[in-house]
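Pulled from TrEMBL, these are the features on record:
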TRANSMEM  A:12-34  transmembrane segment
TRANSMEM  A:68-93  transmembrane segment
TRANSMEM  A:105-128  transmembrane segment
TRANSMEM  A:140-160  transmembrane segment
TRANSMEM  A:181-206  transmembrane segment
TRANSMEM  A:237-257  transmembrane segment
Amino acid sequence: MEQSTGQKIATALVGWGLSLLMAFPILWMALAAFKTESQAIASPPIFFFAPTLENFAAVFERANYPHFFLNSVVVAGGSTLLALIIGLPAAYAMAFYPTKRTKDVLVWMLSTKMMPAVGVLVPIYLMFRSAGLIDTRSGLVFMYTLMNLPIVVWMLFTFFKDVPKEILEAALLDGARPVQQFWMLLLPLTAPGIASTGLLAVILAWNEAFWSINLSTSNATPLTAFIASFSSPEGLFWAKLSAASLLAIGPILAFGWMTQKQLVRGLTFGAVK
Amino acid sequence: MSSVTLNQIGKSYGALEVVSGINLEIADKEFVVLVGPSGCGKTTLLRMIAGLETITVGDLLIDGERVNRVRPDERGLAMVFQSYALYPHMTVADNMSFALRLAGVDKSERDRKVNEAAKILQLDHLLQRRPAQLSGGQRQRVAIGRAIVRDPKVFLFDEPLSNLDAALRIQMRIELARLHKQLSATMIYVTHDQVEAMTMADRIVVVNKGGIEQVGTPMEIYQNPDTVFVAGFIGSPKMNLFEATATTVDGRTFAHLNSGQKISVPMQLKPGTQITLGVRPEALTADSSGPLAGEITVIEHLGGETLTYVDIGNGKLATIKSGEASLGQVGDTIRVSFAADRLHVFGPDGRAIRIQPRH
């Protein structure tokens, strides 16, 4: 449909307006990170000020940022890798060798995501304690893998389902064994889907706060626990909290920005093919 | 030698029987077309031969050897799919050489075979492209090339032309017929299009409701259909089929058409027998002394030929195929006749009752 100039401008205005509205809290936080504490709580709010880096200096002085950052990378990356290693064969089996109960298994897996996590906190905590997993990176990797596995399997299942059955049948006639079909056809054909599944799992694990705060104290604490440590005992210091938050979300925002093309392509894979 | 034998082949899913009691001998270098309406089981039959579906009962023999439990790639067959099923991430050359690569054939031999097949199919200049960069007809040729490269005992085609437009379909039909001669290979071809069956087949197998209705050369099937189903399915425009009841007057047999008219039938039938009469549209001619009369309701001019639809009572239309000239105008009443030997009579079970030569 051809749009007139007026319509184009109106669309752009509405689009930008909505985007700004949604991004406002993040933008406000980014601004606050560069204010002094008094500027940060000033009312009416201040939009123009001389930016300062003193909050960042304070944050770095008080906490070992690289330690948290490294934990986040290891835990998010490790759990994603593990979830893919388990999820790929599971989704493959469900997509290409389904049984009568496959649909039920999928629904059951997704249903585990509907339960409030706090409901299983006590048993998980006790198990982690017995297994010596409290405050370990491997413990969090394990927890995040379990947390993301349903979504990972679902997404991979969907991507595998989109591969035309005839292609695999043609390969069968060409003499490809299941393992060869997997490596030579399925993997390259669903690479965008697998990549976006991995990206989503990284983002979900990076942003996870509940389990990291409850299952780690110092050694394994990722960035979400680092932010939390800025919000409590001495009352609220908006500027410092904002600086810490910006440091925590910065890497994943940059990561998401760089991979957004891949993410969107993967998430709309079947629909626009 | 590459013959295929189907011996009492059947397929069921649980209690549902989709194919049953199939007996068929396909000779070396023969082009056999399985034709039938959608859902008749012809594709299932082909997939059982390919090894993509298990065979519930019966024996499948290739070159006299039972292959029911042999893996698809070891049966020595190649299949061309309706959707082409090309590997989208591979070039045309890689698509065609995939099977050879898996079989461990060395690169120079692979290239030689791919180039040879590409030349036959005029794909030489496209070898480095990917399937997405090709037109429908080109993709189809790559799919055929992939089959040729494997040098199979038998080629299987599953409705390979149905995704192409009409003009391309006719062109590919001719190319496939030529290819069959050139490769002198055994080919089994599935289609729902009776024109494809008539034009390409050495022998046609008409499949209906999971069983074989009739096997024969195209002309045998056209001229002597064994059943009402075959009579109505093969031929375009369709054979005229009139339901009727047999009566006897002075020792001569007549058919009382359900649409009201009466025509003489050159055979003895028990009075009261429910029969179906069949006459091909081109066997009907306008004739002022003909036994059938009716009003022209529609005239279709196709250029070289004309189709005239005549209402012979109760809205039942008879189709007449004639040359360029019209048989009349819409609204005219005309009389129609046909040569006695062009009349087909089918009994209450739908099977043909052959007309005995009169003494």
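FYI, residue positions are counted from 1 along the chain as it appears here.
Just so it is clear, glycine is given a Cβ too, placed from its N, Cα and C backbone atoms.
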Quiz prompt | Stretch with greatest number of CB pairs under 8 Å, the transmembrane segment (A:237-257) reference, A:68-93, A:105-128, A:181-206 candidates | solution = A:181-206
Practice problem: Using a Cβ-Cβ cut-off of under 8 Å, list the residues of the same chain that are 6+ residues beyond the ends of the transmembrane segment (A:105-128) and lie near it. | Solution: 94, 134, 139, 143, 149-151, 153-154, 157, 210-211, 214-215
Quiz item: Thinking of Cβ pairs under 8 Å, which stretch from A:12-34, A:68-93, A:181-206 has the most of them with the transmembrane segment (A:140-160)?
Solution: A:68-93
